[in-house]
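Below: the structure, in structure tokens.
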Amino acid sequence: MFARKLRALGYEKGGIFNIDDRDSLRHLVIWLEDRIFCTALPKHLQQGLRNQKNPQWRNVFSEYLNYCGCPFPLHEDASACCLDWLLREAIRLCVPDDRKQPMIPPKREKTAGPFENIDWGSREFYHGISKMAAMLNVPTHPDAAYLLTAVAQVLKARRAVGMIDENGAELDGLRLEEVTLGFDQQDKKLWDACRILRLLHIQQLRGLQTQIDAALVAVQIITADPLTDSALGRTGF
Amino acid sequence: MRSYEEELKFIEKISPSCWRIKKGFVPNMNVEGVFYVNQHLETLMFEELRNSVGHGDGGSIGGFLPGVKQIANVAALPGIVGRSVGLPDIHSGYGFAIGNMAAFDAADPLAIVSPGGVGFDINCGVRLLRTNLEEKDLLPVKEQLTQMLFDHIPVGVGSKGVIPMNAKDLEEALEMGMDWSLREGYAWAEDKEHCEEYGRMLQADPSKVSMRAKKRGLPQLGTLGAGNHYAEIQVVEEIYDRHSAKVMGIDRTGQVLVMIHSGSRGLGHQVATDALVEMERAMKRDKIEVNDRQLACARIHSQEGQDYLKAMSAAANFAWVNRSSMTFLTRQAFAKMFQSTPDDLDLHVIYDVSHNIAKFEEHIVDGRQRTLLVHRKGATRAFPPHHPLIPVDYQLTGQPVLIGGTMGTCSYVLTGTEQGMLETFGSTCHGAGRALSRAKSRRNLDYTDVLAQLARQGISIRVASPKLVMEEAPDSYKNVTDVVDTCHAAGISKKCVKLRPVAVIKG
């Protein structure tokens, strides 16, 4: 099950690798650490891992995995899972892909972002967010966090409309009462609620479709290679 | 034999634009027939019937029965439900009239599938691309752009495509449809979203397509073909429904659009031909009785029926790959001409419809939801707003329906309606529909006159065979405006945008 991954990584003993063989596994783990990860390990881990004859090697390996942020615990029958995870991480590091951050080293210093120093409860913050809400015609609310969520949602929706606008799918000039639903309802309020629900549902579907499109585009980056050869073509008659 | 007056007793006007064909007009009718015409088209329709009376062979002229008879013969096929529907652009075709839709109950063991109800050009259809260009941007470079499009898209009988393809690619394309184009990078993700069936019939099975069909199809991928197929640069002439047009990305008159009308080329034709042979055998075995031997068919669930549906789906996939490939070439031509990228030119697919196809769909019949095999031959699917099978962008407007005109005449974009869903199983017209047969057109018209007329209208044209132009001359066809107005008046679809051609390339 690891042959292709090992070949991709250029592991010379990939052809004869056997996960059940103790030495084989230890050799591979050390090879991965030395050649690919080069993690800044604490001294005891660094030495313990490299000593293949160490009777406690498995415990060291378990600690190592933990240190690297492996999501799987190293049980008796879970070596394959852990090793597969290590190999995937290694491939991730080897294959240049600027969209993904390497998982190792996992322990990073928390950086102070622009929102780190905001005092959410301050009068100043509430005042600012109220001003924004007023500009966007969002009804006010005493809880600043609540108001911020509403403002964020409106902004996100506005941006979405802007994006749809580029594709020509804006709800331009269509009033709520002009939205037909294919069924009838006497109660005006219930009727409006149905329309709003339906519009929200369509918005949600649009979001899903956009995600699907993005996934397709991501795959196209790998598979697409359109070619035209005008020498092949011939106009008829 | 009945006189013309006696024939007329079976035909009754039920609304200003709709006529009913009563049972008994032809033998064994299981359901009634219906057709939609306005006053002008009505004259053509009844003239055709009058001319057929007195002819031997059941009124067949030149091998084809008049449209009204064909609608009625389809109503006599086993398993048909609702009504056999004739749309305003109806004209005689092989078995089924072109512009005829009929639905068969998939749960009925006797119900049939008929290649004649799909047509020879399987998944012939229309695709519309929009641009952010205006007519004034186009005029100075119109001739060069037309030439460039003509250089990029191979046209005509026997034309060969420019997209390198081997037998394995073809197998994959037949199975995957537009997913193949996407994978290979000829299409955008958004193209798939705005395409009927998302550009892929899932039941397609390339192994049911004969070697002969594949051999015919392989070199033809990405070619326009001949006949009534074309690629046209059009401008928006009039917007009737501002909101729906805006949703499609059409927001002003003079905006430039590109329409591509093409199908599955020789591959689809061969699939249909192969199936007809098989079905004649199946008809004898299963003792299926039909009024016209052109209505060759097989039970939906028989081996022949299933094989045809799988092969037809593969041919449909081929047609989508074909239109996608031509979209790719169009984008290249525009990008070169305007020294920009297709993205910056906003060359998005508005929609892609198929007007020669049979599909399983869910419909309400007699108050009950049923799975039907809907045959649309020269008829376009027109689903109403909120239908789950139309793209999310068109959920509020209804499915865009693309009606291609003929060389030099207008085209239209319509939208599907609830009424269409109830009356015609969500179907509407597909184009102008022939008024003169091809042979008659060749006799009556001169191609130099036709070309001169187009030049007077300011339409650039590039054709692979000028002598075939008269077959496709506007005079050979019904007036597309009459056709569209009838559908609008009957409420089976709604007018949205009118388009005017400025440049045409043809086979």
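Just so you know, glycine gets a Cβ as well, placed from its N, Cα and C.
The annotation Mn(2+) 1 binding site is assigned in TrEMBL to B:Asp121, B:Cys124, B:His229. The DSSP secondary structure for B:His229 (Mn(2+) 1 binding site) is coil.
As annotated by TrEMBL, Mn(2+) 2 binding site applies to B:Cys124, B:His261, B:His355. Over all protein chains present, the Cβ of B:Cys124 (Mn(2+) 1 binding site) has 29 other Cβ atoms lying within 10 Å.
Per TrEMBL, GMP binding site is recorded for B:228-232, B:355-356, B:404-407, B:Ser411, B:430-433, B:Lys506. Secondary structure at B:Asn356 (GMP binding site), as computed by DSSP, is strand. Non-local neighbourhood of B:Asn356 (GMP binding site): B:Val118, B:Gly119, B:Asp121, B:Ile122, B:Asn123, B:Cys124, B:Gly125, B:Gly263, B:Arg376, B:Lys377, B:Gly378, each in the same chain, at least six residues away, with C-beta under 8 Å from its C-beta.
Under the heading active site, GMP-histidine intermediate, TrEMBL lists B:His430. Counting Cβ atoms from all protein chains shown, B:His430 (GMP binding site) has 28 others lying within 10 Å of its own Cβ.
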Candidates B:Asn228, B:His430, B:Gly433 (binding-site residues) - the one closest to B:His355 (Mn(2+) 2 binding site) by CA: B:His430
Conformational class of B:His430 (GMP binding site) under the three-state DSSP mapping: coil
DSSP-derived class (H/G/I helix, E/B strand, else coil) of B:His261 (Mn(2+) 2 binding site): strand
Using Cα positions only, nearest of the binding-site residues to B:His229 (Mn(2+) 1 binding site) (B:His261, B:Thr406, B:His430, B:Gly433): B:His261
B:Cys124 (Mn(2+) 1 binding site): secondary structure state under DSSP, collapsed to three categories: coil
Assigned element (helix, strand, coil) containing B:Thr406 (GMP binding site), judged by DSSP: coil
